[in-house]
Amino acid sequence: MSFKFKPVSQPSNHEAIEGSEKEKQIKTLDLGNGSQVLYIPRFLSFDDSWKFFDYLNSHIPWTRPTIRVYGRSCVQPRDTCYVASPGLPELIYSGYKPHAYSWDDYPPLKEILEAVHKVLPGSKFNSLLLNRYKGGNDNVGWHADDEKLYGPTPEIASVSFGCERDFLLKKRPSKSSQAQAKGKSDDEPSSKRLKKSCHVDQHSFTLKHGSLLVMRGYTQRDWLHSVPKRAKAEATRINLTFRYVHGGLLGRKLP
């Protein structure tokens, strides 16, 4: 199965042209200390995005595995699948080792990968973790993709299809701030501690159908990200996260 990419939009007037051009532009968020996020709201055209969504939803061998989080077994709150180039280390997270499918098993994935490489010159992704959120209760908790096999400054490209969902980023607390907070916790009322805890650095993106979000630099070292539960998100969202595996193996926990 092969898709032919169409122009991102075919506006009929000047106002539509301006709107579509804004959505195609790369929005850059400098998080400081070498961390950066890029966002393209309209990475793929609307029609192409729905074609990919329908293909992925019906052809990918989705599974909802049992994982271990903080010593307890639970069913992962989203469907998943893993694709990787041959010869790479096995992926293991939260006690779960997914089967690595080949890019050749699902050719449209290679077309999306080529489009990602085209818009991100110099990138060279060789693995892909797919997730399907079938409703507002499906989610992924706060975590960082900071495994050693991705290197110290991994670039992670996330393409979204279907239902819009919130993507949150928050800065990891430093060890010094954690120690200070612990030392003061007994002397301050809970209401004051809560007020202070709300002043953490946090950012939010609404990941649109056909969008691309890229995390670069030290984002995985210094920041956490999540896709929280949303009661109003009743439809399905499919997310593709492209990564480059350097080698080595490290288990991880994904809530």
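The backbone N, Cα and C atoms fix where each Cβ goes, and this holds for glycine too.
Over in TrEMBL, the protein carries these features:
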BINDING   ASN131, TYR133, HIS143, HIS225, ARG237, THR241, ARG243  2-oxoglutarate binding site
BINDING   ASP146  substrate binding site
DOMAIN    124-246  domain 'Fe2OG dioxygenase'
REGION    1-23  region 'Disordered'
REGION    172-197  region 'Disordered'
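Feature annotations (TrEMBL) mapped to structure.
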residue: ASN131; record: 2-oxoglutarate binding site; Cβ within 10 Å: 21
residue: TYR133; record: 2-oxoglutarate binding site; Cβ within 10 Å: 25
residue: HIS143; record: 2-oxoglutarate binding site; Cβ within 10 Å: 16
residue: ASP146; record: substrate binding site; Cβ within 10 Å: 19
residue: HIS225; record: 2-oxoglutarate binding site; Cβ within 10 Å: 23
residue: ARG237; record: 2-oxoglutarate binding site; Cβ within 10 Å: 23
residue: THR241; record: 2-oxoglutarate binding site; Cβ within 10 Å: 18
residue: ARG243; record: 2-oxoglutarate binding site; Cβ within 10 Å: 22
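The distance from the Cα of THR241 (2-oxoglutarate binding site) to the Cα of ASP146 (substrate binding site) comes to 14 Å. The two recorded residues HIS225 (2-oxoglutarate binding site) and ASP146 (substrate binding site) have their Cα atoms spaced 12 Å from each other. On a Cα basis, ASP146 (substrate binding site) lies 18 Å away from ASN131 (2-oxoglutarate binding site).
Per-residue pLDDT, averaged over the domain 'Fe2OG dioxygenase' (124-246), rounds to 86. Rounded to a whole value, the Cα-Cα separation of ASP146 (substrate binding site) and ARG237 (2-oxoglutarate binding site) is 24 Å. Taking every pair among ASN131, TYR133, HIS143, HIS225, ARG237, THR241, ARG243, the residues listed as contacting 2-oxoglutarate, the largest Cα to Cα separation comes to 20 Å.
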